[in-house]
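> Take a look at the following structure, please.
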Amino acid sequence: MNLKLFKILTKKIKEKEIISPKEMEIIDNNCEYLGIPKILLMENAGKCVSDEIDNLRVELGDVPIFIFCGTGNNGGDGFATARHLGKCKVILLGKEENIKTYEARENFKILKNLTEFGNIEIKNATYPNEILEILNEIENLDKAIVVDAMLGTGIRGELREPYGTVVEKLNKIKRKNDNIKIISVDVETGNLNADKVITFHKRKTINKLNNLIVKPIGIPKEAEYVVGWGDLKALSKRDPNSHKGENGKVLVIGGSKEFFGAPILAGLAALKLADIVSIASVKDVVKKITNPELITYKLKGDYIGEKCIDKLIEISKKYDCIVLGNGLGVNEETKGFVNGFLEGIDKDKKVVIDADAIKVIDYEKFEFRENFIFTPHRREFEYMGVNLDNLPSSTIVLKGKYDIIFNKNNVKINKTGNSGMTIGGTGDILCGIIGGLYAKNEAFLSACCGCFINGYAGDLLLKEKGYYYTPMDIIEKIPHVLKLFG
Ligand SMILES: NC(=O)C1=CN([C@@H]2O[C@H](COP(=O)(O)OP(=O)(O)OC[C@H]3O[C@@H](n4cnc5c(N)ncnc54)[C@H](O)[C@@H]3O)[C@@H](O)[C@H]2O)[C@H](O)CC1
Ligand SMILES: [K+]
């Protein structure tokens, strides 16, 4: 069922044609998760750029080529381009030891092995006079091709030196002589007035130029759809100088006289990610909560009913994210509470809605808010009656062998996890993980990463213990998964 739904959704949800640098980074890293090494993508990128330059040389003739390279992977693309071109001058705008990544370093090393044969020349231009000497050389030429492999999707903020000087000077040279052709790799560096940009895989939101060529470099569609460690690497990082409460505050509202374990599992899972986690539940549940890290709110009665709405809406104001439904019970009391609470809660409050809460919502008149995340299993999903021709703004996680995570603009599939996770409680743990992430991240990313972390924890346990691990084992594994990929 889930794979069938996934295929339907990939047809219904329009594929993004323009993506942000952050989305590209997730795709890049998920390529690696799928077994495609970045250096392969860099090789293909270099080949694309050198092919484009060969076309340009047909028009311009055999003119000198200068490749300005930064210390990141954009520079790495420049090194690969140089090797494919065979004859050019590579200007590294920084020290070799500052080349940031393995892929770029490897390509630089190969270039160095070629320099003694005279076709490839490398200049380390770190100081202004070295850079100006090269720029003056270009300025005195009638024709030349300049490749901008300085900065790509890794650019942050205002252009720092020496890139500012290089861009300013190249623009000046370009204004004086249009036979100096400038080709930008992936993204124009700053406000460089490039003649053409060759961008990889998809146009980026930061591309300015219209004269842009999009080149495939071997990234499969699956890298856009499969949840991998690329999603985890995109999660907000914990600020080392942060204070208690700044890394997420989560309130779990659940439990009843029948079910006490569900909200506690959700709370303990959330506690691995957020730094303040509370549980609001009836007295039978609260008295079973012995973990001193979990703050509790004791509610009257055997079930959380309408009489608790105002109090819990008020308490919710102190939390970044609410996890609602675990062990609530399904009856008129909880039905009245859930519908009244979701209607009355602040419009922008982040809520993860699970299990019994899903079962008691009156969907006829329900508003699927963007800041709601639903985590149904198959039967609950069917009960929700989601209209696939009018997808909701809310994010929905359809759990299963393959988790399908979607909303009206996105769809992804998570394949971590195993049949050992059919034990009771894993759904509550998933909610807690998603709630803990959602406190500090946006909905779709939190839902994707929650599924990945929950399943990957189960996969680690399968290797260690076989199928006979417990929900508490999964909770204890959460930090290991984050440490592996976070
Ligand atoms: N997306 C793909 O499939 C592929 C992309 N490739 C290329 O990789 C770059 C992105 O590389 P990355 O290392 O993330 O960043 P950059 O090279 O763009 O720059 C990082 C480098 O620059 C410094 N820096 C950042 N901001 C500034 C600034 N404002 N001023 C000065 N310096 C800055 C930062 O400190 C880093 O050192 C992508 O564009 C593609 O070209 C892969 O090679 C192929 C696959
Ligand atoms: K560039």
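Including glycine, each Cβ sits where the backbone N, Cα and C put it.
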> Of the residues ASP51, ASP54, ASP148, only one is listed by TrEMBL in the K(+) site with ASN74, THR189. Which is it?
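Of ASP51, ASP54, ASP148, ASP148 joins ASN74, THR189 in the K(+) site that TrEMBL records.
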> May I ask which of the binding-site residues ASP148, TYR163, THR189, GLY327, GLY427 have a CB within less than 6 Å of any atom of ligand 1, listed in sequence order?
TYR163
> Given the binding-site residues THR153, THR189, which one has the fewest other C-beta atoms within 10 angstroms of its C-beta?
THR153
> Excluding ASN74, ASP148, THR189, which residues of the same chain place their Cβ within 8 Å of the centroid of the Cβ atoms of the recorded K(+) site?
PHE68, GLY70, GLY78, ALA149, MET150, LEU151, GLY152, TYR163, SER184, VAL185, ASP186, VAL187, GLU188, LEU192
> Which residues of the same chain, at least 6 positions away in sequence, have a Cβ lying under 8 Å from the Cβ of ASP148 (K(+) binding site)?
PHE68, LEU170, ILE182, ILE183, SER184, VAL185, GLU188, THR189, LEU192, ALA194
> Would you mind listing, in sequence order, the residues at least six apart from GLY76 ((6S)-NADPHX binding site) in the same chain with a Cβ closer than 8 Å to its Cβ?
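Long-range Cβ contacts: MET42, CYS69, ILE99, THR101, GLU103, ALA104, ASN107, PHE108.
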> Anything from the binding-site residues ASN74, THR153, ARG156, THR189, GLY427 with its Cβ under 6 A from ligand 2? List those in sequence order.
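Listed by sequence, the hits are ASN74, THR189.
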> Pick out which of the binding-site residues ASN73, ASN74 has the most other Cβ atoms within 10 Å of its own Cβ.
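The most densely surrounded of these binding-site residues is ASN73.
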